[in-house]
Each structure stands twice: as structure tokens, then as C-alpha cells.
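Have a look at the structure below, then the notes.
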Amino acid sequence: MQVTSQFKTVALVGRNNTPGIAEPLTALASCIAKRGFEVVFEADTAAEIGVTDYPALRPAEIGARADVAVVLGGDGTMLGIGRQLAPYRTPLIGINHGRLGFITDIPISDMREIVPQMLSGNFEREERVLLEARIMRGGNPIYHALAFNDVVVNRSGFSGMAELHVSVDGRFMYNQRSDGLIVATPTGSTAYALSSQGPILHPQLQGIVLVPIAPHALSNRPIVLPDDSKVSIQIVSGREVNVNFDMQSFTSLELGDTIEVRRSRHTVPMLHPVGYSFFTTLRKKLHWNEYPSHEEDSKP
């Protein structure tokens, strides 16, 4: 079949260590290939499920060769491959094979119908921002990473509170004693930040949210900053303080270290089915608009 879509090569990425994922991945590959698209697999995914019929590529090779990546997994899978493909601006399509699925929005039961439609051009596109962070020690950068959801400075499970000196654009904001601080993108506002009583930011809102984790002072509240802000967090006191990036990679910190966080120049293009609504996602995932029936109200 002749392909007339803007997409020619489609990469498939699967959630690692997931029993039963081989069947839907290979079925989707066959479905896409029959429509004339070239199909490639992410190398770790191919090795895990034993795929040999399609090329197996590393993320950098996918970025250079594929026109779109279809991700079958949970939000964590999407975050991981999204960070790696962001420099290549490879669009992502997410199929939910996890639990919550805020950014993998296509039900696995509908993938064979919806994904081919999207590859044929029937989709809605949006750009999701990333954060970039670097750790400064003694005035020198020692670590650098991207984050799709959030950069989290926090204490380990058995240590006391950490004291953090926080400034924005070089201006002192506050000293905070807490279990940590979350710096989140709008995408990340529905992740760890939400469970720490942070606000939900619409994905198209240009902002960065700071959310304290169990602060000592109840007056320490979340705050939304302009997305061109530079946030600096210095470790004043505390034992075993770490910084996590999307809760998928981390590094240990020392007293005096400073974490500098700002919006990355990279964005992640995400494709959704026609009719996609962020508010529908919130209703479904957070169980909004669900009220007990009158019968339930009348039960003793």
C-alpha cells in the first residue's frame, strides 16, 4: 500500500519488564506495516520481546530516522523516551498500558483503530515543555539532566528535614525547611506535585510551579512562576539530600550544592486523537463529576 502520510517511519517503544506486552506490540507493528509504513523497534523493547522481523534502534537512531514514535506503556515510559527524543523533535503517540495514564491517552483496546487514523494525519498536536537542570558544586557544573515532569530535591527516608535557600532570577525568595521541593512543568503538575497539594496547570500554560514537600511552616505554599524564570536551590543543611529527575534518575547532593532549574529549549511534540480534551482526561483520571446516586444517599 502506498503511504501518503507525513509519517513514513514509525518507531514502537514498549514498557520494560511488562508481562504480556509482546502480543499487543507485535499486533500493532503488523497493523501499521500492512498500511505501508516502515516499522522499527526501540532496541531494548525489541530485545525484551524477542522481535527480529523489524530493525532495532537506539533512541538516538530513532530520533534520526523515525518520523513518529508510538509508546505502549505508562506515563513513566513516555517520560523516559520523551526526554531522549526531545532533541530530535520526534512526535510521540501514547497508548496506555500502565495505571493512571495522564499522557498515554489512547486505551490499548482502541489502538488498532485509532493509531492508523492518527498516522494518516487525523490527530491534534501540542508541544510540552521540558525543564533542564544542572548541579553546581564549588562554582563548577557537575551534573546536567532534562526533566519532562519535574525536578525534585528531597531528603532520604531516614534523614531529617532539609533546609533549602531558594532564589528566582537571582532574587532571594525564601529559606525553607521541609522534606523537599518540587519544580514542575505543567505536564508534571498532575504528578508528584499534585499529590503534594500543588495546583493543576493546563499543559499549554506557560509556567513553572514550585511545590514544597511537607514544609515545616504551613505558610510555605505552592507558587506558579513565569516559564522563563531561573530557579536556584541551594542546600543549606540536611543529611542525605538527593535531586531526582522525573523520579527516574537521581544524584546525591552535598551541603552548599546549588541546583539551577530553567525551561529547556527543547519541547516534546505530542499527538492526540481528534477530539482530545485535557479536561476529559482530568475527569476520567481524577474521577471528577462523579456523585453518589440518590439510592446510595438513602442507604443507612
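Glycine is treated like the rest: Cβ placed from N, Cα and C.
Summarising the annotation, Swiss-Prot assigns active site, proton acceptor to Asp75. Look at Swiss-Prot and you will find Asp75, Gly76, Asn149, Asp150, Arg177, Asp179, Thr190, Ala191, Tyr192, Ala193, Leu194, Ser195, Ala214, Gln248 tagged as NAD(+) binding site, backed by sequence analysis.
Calculated from their C-alpha atoms, the gap between Thr190 (NAD(+) binding site) and the residue listed as 'active site, proton acceptor' amounts to 11 Å. In terms of local Cβ density within 10 Å, Leu194 ranks first among the binding-site residues Leu194, Ala214. Distance from the CA of Asp75 (active site, proton acceptor) to the CA of Asn149 (NAD(+) binding site) is 10 Å.
For the NAD(+) site, whose binding residues are given in the record as Asp75, Gly76, Asn149, Asp150, Arg177, Asp179, Thr190, Ala191, Tyr192, Ala193, Leu194, Ser195, Ala214, Gln248, the maximum C-alpha distance rounds to 30 Å. The two recorded residues, Asp75 (active site, proton acceptor) and Tyr192 (NAD(+) binding site), show a Cα separation of 12 Å.
Among the listed binding-site residues, namely Asn149, Thr190, the Cβ with the most fellow Cβ atoms inside 10 Å is that of Asn149. In sequence order, Met161, Ala162, Glu163, Leu164, Pro215, His216, Ala217 constitute the residues six or more apart from Arg177 (NAD(+) binding site) in its chain with CB-CB distances below 8 Å. Thr190 (NAD(+) binding site) falls within a helical segment according to DSSP. The secondary structure of Asp75 (active site, proton acceptor), as reduced to three states from DSSP, is helical. The Cβ of Tyr192 (NAD(+) binding site) lies under 8 Å from the Cβ of Asn149, Asp150, Val152, Ile182, Ala184, Met247, each of which sits 6+ residues away along the same chain.
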